[in-house]
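Quick notes on the structure that follows.
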Amino acid sequence: MGEEAPEEYELGGGEHERVMEWEAGLPGADELTPLSQALVPAGLAAAFRIPPEPGRTLLDVHRASAATVSRLRRASSSSSSSFPAFASKGAGADEAESAGGAEGGNNNNNNTTSSSSSKRARLVWTPQLHKRFVEVVAHLGMKNAVPKTIMQLMNVEGLTRENVASHLQKYRLYVKRMQGLSNEGPSPSDHIFASTPVPHDHLLPPPYPMPHHAYAAAVSSYPHYHHAN
DNA sequence: AAAAAAATAT
DNA sequence: CATATTTTTT
């Protein structure tokens, strides 16, 4: 019969249900310093030679909060009761999201999807992965930041060049949008991003373990995969 | 139904 | 390798 589940949850990129209990005692929005506003006034920063403003934009904030939510989903250990909002929209089978709560770091991923077909699951660019990506790109410079090199330096097993290429495409657009929308002032420093305040990422091995010649064989972390369709 | 993300094709 | 288009997920 029809397995039609009335999903009234607007999770992720939808509405947020406000839990007033959590807001009790907290200052009102009008009393808080807007995140979109720089902590250090432009004039003051200039006077004190503090040019590198992290460039906090609404997009950055949004990304950061997304990371926080992502963290909460996983850290839903103790706490009185489970979060009502973070239910996986399991269509058929519930997805097992990793195991160790504190993460050990050892991720032996046997993504031997058995089946012969190379129908790999969709790669999910988790904040950790993205951060790694950004770091590598930043270190390479827009000049050498090409999919192949990025993939190699990231050294994440299972990560394909196509994965990186696709993400890079989006990332470039993202950066572009940001630059165009940013203050069109005469600021030579244009590449101001990489502000991806992701929690402590002790989950991944060193970013670019490439001192001289690649020591292939270094087992690295694995990307987050989700069940494919 | 629309938007975002990732995959795939050119 | 870059960009465009299509598919999949939210």
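Just so you know, the numbers here start at 1 and follow the chain as drawn.
A Cβ is built for glycine as well, from the same backbone N, Cα and C atoms used for every other residue.
As recorded in TrEMBL, the features of this protein are as follows:
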COMPBIAS  A:105-118  compositional bias 'Low complexity'
DOMAIN    A:117-176  domain 'HTH myb-type'
REGION    A:94-122  region 'Disordered'
Confidence summary for the domain 'HTH myb-type' (A:117-176), mean pLDDT rounded: 93
The domain 'HTH myb-type' (A:117-176), counted residue by residue under DSSP: helix, strand, coil: 42 helix, 3 strand, 15 coil
